[in-house]
Amino acid sequence: MATTIQKLVVEVVDARNLVPKDGHGTSSPYVVVDYYGQRKKTKTVLRDINPTWNEVLRFNVEKPSDVFSDMLELDVYHDKNLGPTSRNNSLGRLKLSSGQFVKKGEEALIYYPLERKYLLSWIRGEIGLKVYYVDEVVLPPPPPVDEKKAEEVKVEPPADNVAAAVLSDQQQTPAEEMLDGNNAASQVEATAAPPVEPPEAGEGEKGAEAEGEKPAEGDDQVEPGADSQSVQADDHDDDIVLDPTSANWAPAQQPGIMASTTSGSIPEIKVARTTSAPPPLTRPATPASYASTSLDSPDHSRIERSSFDLVDKMHYVFVKVVKAGSLPTNGSPVVKIAIAGSHVTSKPARKAKYFEWDQTFAFARDAPETSSILEISVWADAGGANFLGGICFDATEIPLRDPPDSPLAPQWYRLEGGGAHRGDLMLATWIGTQADEAFPDSWKSDTGGNLVNSRAKIYLSPKLWYLRASILEAQDILPLTALKEGSFQMKAQLGFQVQKTKVSVSRNGNPSWNEDLMFVAAEPFSEHLIFYLEYRQQKGPVTLGVVGIPLSAIERRVDDRKVISRWFNLEDPKSDKKGYKGRVHLSLCFDGGYHVMDEAAHVCSDYRPTARQLWKPPVGTLELGIIGCKNLLPMKTTNGKGSTDAYTVAKYGSKWVRTRTVSDTLDPKWNEQYTWKVYDPCTVLTIGVFDSWGALDINGEKEATRPDFRMGKVRVRVSTLETGKVYKNTYPLVMLGNSGVQKMGELEVAVRFVRAAPTLDFLHVYSQPLLPLMHHIKPLGMGQQEMLRSTAVKIMAAHLSRSEPPLRSEVVRYMLDADSHTFSMRKVRANWSRIVNVSSCVIDIVRWIENTRGWKNPTATILVHALLVMLVWFPDLIVPTLAFYVSAIGIWNYRFRSKDKLPHFCPKISLADTVDRDELDEEFDTVPSTRSPDIIRMRYDKLRAIGARVQNILGDFATQGERVQALVTWRDPRATAIFVVLCLMVAFVLYLVPPKMVAMAFGFYYFRHPLFRDQMPSPVLNFFRRLPSLSDKIM
């Protein structure tokens, strides 16, 4: 049987600008690659500092170990046999982490700069590589030849013995498990099932076969071979895993179950329980006697250990119903569970050899000491017409499970009160927390029974690429009107994205454009990029040809290297037959060096490029604990009372998390914890709270059409967090609508940032650019970025809305601030207030200088004169003095830093408290407007008045600049002559008098006492204001 193994492929393409080492201005380089103890080398290129190898090296992907790391080490050497040296001189080295490797199909040619191997080495140049994983199929060995038959006969018996030993071990494992179950059953009193007699001597072989097959019938038993294949398939579907095999796999232990066949058709089952299973309570035979009684509760101080250290523990009673046997019914029975006022009915059973449910239920408990009766009953149908039996458990006897332990094995229990035929039910019950692995997919009592929309889920954003389509030219185009100029235009379409080039006028049918069009594409690439050649006429455009290119055939690049262009034949759009309608010259590529913007730049959560090869290692980990909300406003009316079905969504990078929906409560508690990797500390985590309308649809009977209501969000900037400190605070949820600011409630979260990188590496991130290199080499325009961002938001919203449970489109758009760039008069005034606040320090300095100049504090003025003398005579102290003063301000402000709460939305800074109602209505109005003409006319007049003010301010700025230009342009001859003469006089004075004396004299003159100062404006200012400007020429 063929097997699949994983290999790492390293394509060594070429190198550029290497260091010469042979004494003649050249080198003879070769490359040595080491990976997991495997070393391979390329051929030597003779005397070339720009060598080309084009060699493919393959390495086996081994298991992680302490001896060999997962780093790929590459060294470039100069061949000692072709140079004056007696050893191989290093031309540079390179180290790559396995996190930068991709699967086949995603690889791209990348040029890595070479690093020095030794401290004093002279290294330059870069090397071009393609590194990726590939799965290779290994065929079984061929059959042996006839000459070696004699040797194989000697070898085969040991092989058969080994195979027999392995087979006996596999068959012996269930028997050993049953023996363990019998030992446990001997220690615990079993239910009232008759013991099974041992098989006779002649039936030993059949008994062993029955014992070996019985565990395989259980719900949790898996064959080793099938499990290993499924593990391999999962590993290939997900990210690259270095060890996809599972050779040391061992089947999980099962509870011991022994069955024997009686004269009837219903098998009798003997229960083999372990000491951890709770004993059932003796109950009367009537089906109506499910009453809760109060019992003395033991000490439950020992609770399970949880990795959820940022949130509070929420205790749940878990009941896992697996299957039932010996039930006197041929229908689809159901299981009803009741505890502490909570009731639930399971789904109808699947009929196989047993009645199977395999369903888990979680019932919330206010405190671990709460005592109640857990009642489990089996009914013939959901209507409760025929009672088949039940079990009662004392909740105080239910064991507590520690998360490091394996899950509790289900046990068989004898049903009571069902009549003459007593059935058996396999279930497991335990007390755990939200950290239990069975919690996410279980039915929960606090979610109203909605299994689809109430589950906590993690979503991943689709991998987005920028697609660059360079449209160069077209040839052999026959216009509709010959011997006349034709206007041609290319239209490109990718899904809902449509873009057009400029119009090109041509006489010979060969138009040219040389224009780039940018699109956003999401993996997997299943669409086609379609180009239409249009001939522009007065009646409208006419399509002359069309060509479709599959996205999977387009090349990927990670830098600005030139992509090879190709000619594509155009086809007739009106005919199904292929006909030549000319050809078009295109250059297509996926630009993986860009970061596809889906959020606003100032609140972005990730700046990494699309290409995984360019990712840098993470610098830390961000942990978020979503505890709950308080005092939420009711969003809907259910059964005559207000209710809210709240859930929380958090987004950071490409990972989205959605908590479960807690139904019908104004103080929901989630206590869920999530983790993200941080690649840049200057990023923002966004947390939003929503009210779900889908929670009303129990069991998905109808589809919710109303959008989920926004209840507010909180932003946390990672760079404001101290390392290792837990920030546990409550933040107000504030929403701004047409009616003004409304507080929707409060959100309680806990945040912690843990630094993983060394201190110097972490601080070095602050000196790196935010966006990848391609944004600086080939920058995108602001308008183009906004258009691409809007497209990326639409693609992401459509992708996440198709998940199960769906993340609705309105939720995604709200989290990504898709509508944040609409016009708002409130935001205009808020931004102006921010400018004034930033300029306040400059204004304070000017006021201080004026007060000092006015001798309002004579002591301070005298000290300023002394400081002026010192700085004039020792100018080298100016820069150090300024630096010391700024550092002193920073140290002083350290006392007033924020110590507890993180920054959040502030209605005061946003001017949301004082905004006018009409301005809010204008802010939330759609485009095009839906208001009446009178309101639109009033808003237009108001906008004209504001525009007039802005116009005057811009004119004043232009006037001051033009007066500066008029100093030397001789527009006013007398003013320019005065200025030139004064400049000559200043020059002669500075030539004759030392500059220190001039500076000191000017300083003392500026800070002179008000008694010696005139109240009129200075002559210099009067002279400047008299200069002409171009404002008198404006019509």
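Placement of Cβ uses the backbone N, Cα and C atoms for every residue, glycine included.
Residue counts for the domain 'C2' (1-111) under DSSP, split into helix (H, G, I), strand (E, B) and coil, are 6 helix, 53 strand, 52 coil. As annotated by TrEMBL, domain 'C2' applies to 1-111 (among others).
The feature region 'Disordered' is assigned by TrEMBL to 186-300.
Annotation source TrEMBL lists compositional bias 'Basic and acidic residues' at 203-217.
Restricting the average to the domain 'C2' (297-413) gives a pLDDT of 79. The domain 'C2' annotation in TrEMBL covers 297-413 (among others).
As annotated by TrEMBL, domain 'C2' applies to 446-568 (among others).
Residues or ranges marked as domain 'C2' by TrEMBL: 603-731 (among others).
The feature transmembrane segment is assigned by TrEMBL to 862-892 (among others).
The transmembrane segment feature in TrEMBL is assigned to 975-993 (among others).
Beyond the transmembrane segment (862-892), the same-chain residues lying 6 or more positions past its ends with a Cβ under 8 Å from any Cβ of the stretch are 852, 996, 999-1000, 1003-1004, 1007.
Assigned with DSSP, the residues of the domain 'C2' (297-413) fall into helix, strand and coil as follows: 3 helix, 53 strand, 61 coil.
Assigned with DSSP, the residues of the domain 'C2' (446-568) fall into helix, strand and coil as follows: 5 helix, 67 strand, 51 coil. For the domain 'C2' (603-731), the number of residues in each DSSP class (helix H, G, I; strand E, B; coil) is 13 helix, 63 strand, 53 coil.
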